[in-house]
Amino acid sequence: SGTPPDGVRAAPAAVLRFRGAGVGWAARGSPQTAGARRRASVPQKLAEALSSQYGLNVFVAGLLLLLAWAVHAAGVGKRDLLCLLTALMMLQLLWMLWYVGRSYAQRRLIRPKDTQAGARWLRGSITLFAFITIILGCLKVGYFVGFSECLSATEGVFPVTHAVHTLLQVYFLWGHAKDIILSFKTLERFGVIHSVFTNLLLWANSVLNESKHQLNEHKERLITLGFGNITIVLDDHTPQCNCTPPALCSTLSHGIYYLYPFNIEYQILASTMLYVLWKNIGRRVDSMPQQKMTCRFDGVLVGAALGLVVLAATIAVVGVYMIHIGCSKSQSESALTMFYLYAIILLLLMGTAGLVGCWIYRVDEKSLDESKNPARKLDVDLLVATASGSWLLSWGSILAIACAETRPSYTWYNLPYSILVIMEKYIQNLFIIESVHQEPDGIPEDIRTLRVVTVYSGEAATLAASGLGSQGVTGNGSSATNGNLCLQQASSKEDREAGWEGVEGTARHPSFLRSGTKRRLLRNITAFLFLCNISLWIPPAFGCRPEYDNGLEEVVFGFEPWIIAVNLAMPFSIFYRMHAAASLFEVYCKI
């Protein structure tokens with residue numbers, strides 16, 4: 001099996017690789033060429049380092065100002081914070097207008113695109129969240145008008161600027177998220193990274209405002225669970241004057257905090273899309289055409305039905321929880337027990353579905369797509385990084401249960417719940433990562449599985465037609481249709497023999513997902529997990545947070561340390577569910 005078939009011959013330092021439709025040659029080139037490329041990449045790496053350090057400094061300075069306002073530091077008010085955020089948004093607006101104007105002036109030029117960045121479903125999601133963010137801005141303007149006697153003018157200017165910033169940024173991302181910038185690269189790097197960290201600061205500001213509101217409600221509920229030894233001091237940032245009319249101002253205030261979760265998701269999605277744009281600046285892209293993914297919704301009745309049942313049950317559980325929590329000690333304990341039992345059942349179902357999906361991929365011998373893709377790499381990194389937020393809280397709950405001197409009966413349900421949160425996210429991450437690295441099925445199997453052909457002489461490479469049949473790849477040394485040939489180095493005879501054995505091994509095993517039953521099973525699993533992640537996003541986003549209301553962790557760790565840990569970890573846990581749902585939707589369209 002270590003020898004190639006008759007009719008294959010080429011240079012000892014070359015390897016043929018077939019990738020999709022089209023014909024093309026690409027070689028590593030001489031050592032001089034490689035050295036020239038390395039020298040040319042030095043300014044690019046330097047510009048990346050300079051722009052990233054600029055962005056980090058902007059972000060750190062903004063975070064310190066946020067923290068100073070949150071802890072009521074002397075001489076730091078909300079006006080100072082809003083002035084900084086408004087100035088950053090205005091600077092980003094100027095850059096986006098310049099970029100859009102320059103792109104319009106050069107609209108006839110052919111520009112390279114990253115076809116895997118800025119997917120339509122992603123742009124659709126950010127448009128929906130942006131629309132709700134603009135509604136949030138309108139509510140803030142109404143709130144400012146009601147309290148105009150004692151509020152700074154910046155609190156009226158900020159929501160208006162934010163609304164304009166949101167509109168232009170969505171337009172910019174719809175039109176330019178796929179761009180690969182090859183001119184004014186240094187300037188563009190600073191502009192894009194400024195936009196990334198401006199959105200991250202706006203996200204942090206929204207998280208802080210929403211967390212302070214949740215914390216005040218939590219402090220008011222703690223006494224009903226019998227934790228009277230915890231000092232309750234409300235962190236009051238309300239204006240020191242009366243609003244006219246009071247009922248309208250109260251409605252606006254509550255509406256603002258209910259819309260914050262959507263604003264938080266918008267800012268983080270915009271940051272990720274802009275980060276991919278920044279990574280694509282000056283990038284060399286493969287000329288191979290990408291396979292378009294189409295989403296079909298047939299054959300997923302079981303997964304979709306179960307997911308919709310979970311979604312409806314989650315809304316009901318959250319409603320009952322929010323009504324009963326804080327009313328009395330017995331009702332609060334019953335609400336916590338109900339939530340834990342429901343979450344345990346749901347996490348068990350999700351973990352089982354994820355294990356079945358991973359098993360299918362392990363049995364399948366379909367080749368993986370290992371090509372460089374900034375968007376895919378960012379998705380995977382975000383999945384793992386944001387999962388650590390809920391892992392931190394889960395391990396804290398486990399430790400609190402183990403170390404507590406007295407444990408109310410409802411806290412025992414927290415132990416299996418915390419363990420299952422850790423395991424479910426671990427399994428789901430494996431399933432998503434495995435799924436996004438699967439190659440699409442649109443490429444003909446005999447070409448897609450012929451990965452490496454080793455060759456032996458210094459002449460031009462030829463390919464025998466006997467192994468490819470009707471796909472049109474000929475062995476006359478001059479033409480090869482439906483194949484994209486890329487030359488790569490082969491360092492030794494052993495490597496060449498191993499490469500040919502890999503080809504034969506892959507060719508002997510047809511794709512496991514070609515089985516209709518297995519493919520339908522994967523699609524149902526993905527649809528079920530997609531709806532379950534949306535369901536698990538709802539409780540923490542709208543105030544159903546047992547990590548706050550349980551109370552046991554606050555006794556073990558102390559009120560302030562645990563609250564700080566929850567406030568830091570909860571935004572990542574909330575974002576994880578929405579990001580996992582987005583990734584699963586992409587997986588569903590790919591299967």
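Keep in mind that glycine also has a Cβ here, set from the backbone N, Cα and C atoms.
Unlike curated entries, TrEMBL annotations are predicted automatically.
On a predicted model such as this, the values are computed, not experimentally measured, just so you know.
The annotation transmembrane segment is assigned in TrEMBL to 54-75 (among others). Nonlocal intrachain contacts for the transmembrane segment (54-75), taken as residues 6+ away from its ends with a CB within less than 8 angstroms of a stretch CB, comprise 81, 84-85, 88, 190, 193-194, 196-198, 200-201, 204-205, 208, 212.
According to TrEMBL, the transmembrane segment annotation covers 81-100 (among others).
What TrEMBL records for 121-145 (among others) is transmembrane segment. Beyond the transmembrane segment (121-145), the same-chain residues lying 6 or more positions past its ends with a Cβ under 8 Å from any Cβ of the stretch are 151, 155-156, 158-160, 162-163, 166-167, 169-170, 173-174, 177, 248-249, 252-253, 255-256, 259-260, 262-263, 265-266, 269-270, 273, 582, 585-586, 589.
According to TrEMBL, the transmembrane segment annotation covers 157-174 (among others).
Remote same-chain partners of the transmembrane segment (186-204), defined as residues 6 or more beyond its termini with a Cβ less than 8 Å from a stretch Cβ, comprise 43, 47-48, 50-52, 54-56, 58-59, 62-63, 66, 85, 88-89, 91-92, 95-96, 98-99, 162, 169, 264, 267-268, 270-271, 274-275, 277-278, 281. The annotation transmembrane segment is assigned in TrEMBL to 186-204 (among others).
Within the same chain, residues 51, 114, 117-118, 122, 125-126, 129-130, 132-133, 135-136, 139, 166, 169, 173, 176-177, 179, 181, 189, 192-193, 195-196, 199-200, 202-203, 206-207, 209-210, 213, 374-375, 378, 382, 541-542, 571, 574-575, 578 sit at least 6 positions outside the transmembrane segment (258-278) and bring their C-beta atoms closer than 8 Å to a C-beta of that stretch. Annotation source TrEMBL lists transmembrane segment at 258-278 (among others).
According to TrEMBL, the transmembrane segment annotation covers 299-324 (among others).
Residues annotated as transmembrane segment in TrEMBL: 339-361 (among others). Note on the transmembrane segment (339-361): residues 306, 310, 313-314, 317, 321, 410, 413-414, 416-417, 420-421, 423-424, 427-428, 430-431, 434-435, 438, 512-513, 518, 521-522, 525-526, 528-529, 532, 535-536, 539, 544, 546 of its chain, located 6 or more positions outside it, place their CB under 8 angstroms from a CB of the stretch.
Per TrEMBL, transmembrane segment is recorded for 521-539 (among others).
The transmembrane segment annotation in TrEMBL covers 559-576 (among others).
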Region pair the transmembrane segment (299-324) / the transmembrane segment (521-539), three or more CB pairs under 8 Å:
yes
